[in-house]
Amino acid sequence: MTSIMTAPTSDTLSFSPLFQQQQAHQYKVARATAKERSRKLRLLEKAVLRYRPELQEALWADFRKPKAEVDLTEVYAVLSEIRHARKNLKRWMKAERVPTPLPLLGSRSWIVREPKGVCLIISPWNFPFQLAIGPLVSAIAAGNTVVIKPSEHTPATSAVIRKVVGAVFPEEEAAVVEGGVETATALLSLPFNHIFFTGSPGVGKVVMKAAARHLASVTLELGGKSPVIVDETADIQLAAKRIAWGKFLNSGQICIAPDYVLVHESRAAELESALTEAIAQLYGAEPSASADLGRMVNHSHLQRVAGYLEDARQRGARIVAGGKVDEEQKYMAPTIVCGVDRASALMQEEIFGPVLPLLTFARLEEAIGWVQQGEKPLALYLYSRDKKNIREVVRETRAGGTCVNNNDVHFMHPELPFGGSNNSGIGKSHGWYGFEAFSNARPVYQQLLPGALELLSPPYTSWKQRLIDLTVRWL
Ligand SMILES: NC(=O)c1ccc[n+]([C@@H]2O[C@H](COP(=O)([O-])OP(=O)(O)OC[C@H]3O[C@@H](n4cnc5c(N)ncnc54)[C@H](O)[C@@H]3O)[C@@H](O)[C@H]2O)c1
């Protein structure tokens, strides 16, 4: 079994034949029972394990992602999605009976989750395997056919994705199309039933506009600036350790990485030194020598983040740790920066790199106010030992997701919906929520006996009007 590999040249930019093939095949795929879908997912699990060493090599070649991080954040993330889906698939696929209200007595109703049909997955480069195959798991569990377009910035990984998918699925069920913006644009011109996009908010808008042409439904997993609030009651050592891990993993190129920290002014100095220490513990005194620290994906992203830092420095920011850039190695040191002007690019743009600004606040309402003024973030984190503060921050802010006394890890919980809100995303993924994203909840109402509502049809005699009055008042 092979899947389509297409070079992104203008003469091969028509994907209609592939699309039509999947369209013709969709009902057959949709008929698969829970057992059959589970078997497909088992084959996918085996393929992922078989290609694990190749994937480790590919991600090292693409941007020096450490082997352990490939295992944890790419391989295991996908395997846990598969295992969770296999365990729950039968229950998810079961028709859901719903109670009958009094005016509809004489009927029964249920909801079936039917597949959306032919789906498109467009994925980014930062977790290139997980963010292509994770949604595929949900799409297959829900009984769809799928075209995947992985990122052009991680070509070695894209080739492995193609191999994994091709080893399990015929192309009329799941196919991988490689290429860049032109390829994505050509795919987006086709009338897919659902588009699952992971990437930047800017491109998310392009995708949503394209989807509108065919009224395709969308799941948009986007990005933004995810704040961390550290209040005066926080365990600073613990916070520093966890923030440093969640920020500098993948060199800060994580959609849910802490983007910046708002720390209570009474604890700022302590947090500064605890973070500096945490970086040394994770990556040694000279992080560039550590094999456990990834690189920036390309020169343009390195220059973008280095430019933000330089701009902040010129506006008076103080670099507390790191700051070193090695163009040739696409290396940027884990960097902590204080005294950042809130109007600087570092505080206006999603950083998506290993630079962590620390800003201070005197009263919690100030920190909350700052978050409320910005776009709704993909994640908001809070370090606190005060129950009242925890309640207040969750109640008074809006975010795609939240961790209290940790960061990033909510992503790994298969029972939690993952996704953003408005600028950080539309729709949710993972587990049941991913299955739901790729399904249409179709209500089925079955009339068994003459219904009470039939009594209320014209002509509206006076006693029928009385019955209508009773219904309006009491039922
Ligand atoms: N919410 C999440 O789960 C999540 C996960 C990872 C990354 N992200 C976000 O993704 C962004 C970084 O990833 P990226 O740089 O690969 O994102 P991106 O938006 O530049 O690209 C994502 C995908 O869209 C395609 N694309 C790019 N421009 C396009 C266009 N004009 N028309 C159609 N398709 C186009 C790319 O080829 C790629 O496959 C960050 O904003 C990050 O926060 C979000």
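Each Cβ is built from the backbone N, Cα and C atoms, and glycine gets one as well.
Annotated features, as they stand in TrEMBL:
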- Glu221: active site (ACT_SITE)
- Cys255: active site (ACT_SITE)
- 17-442: domain 'Aldehyde dehydrogenase' (DOMAIN)
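Its Cβ taken as reference, Glu221 (active site) is surrounded by 27 other Cβ atoms within 10 Å in the chains shown.
Around the Cβ of Cys255 (active site), a 10 Å sphere holds 27 further Cβ atoms from the protein chains shown.
In three-state terms derived from DSSP, Glu221 (active site) belongs to an extended strand segment. Annotation note: Cys255 (active site) sits in a coil segment as assigned by DSSP. Counting in whole angstrom, Glu221 (active site) lies 9 from Cys255 (active site) by their C-alpha atoms. Averaged across the domain 'Aldehyde dehydrogenase' (17-442), pLDDT for the predicted model comes to 97.
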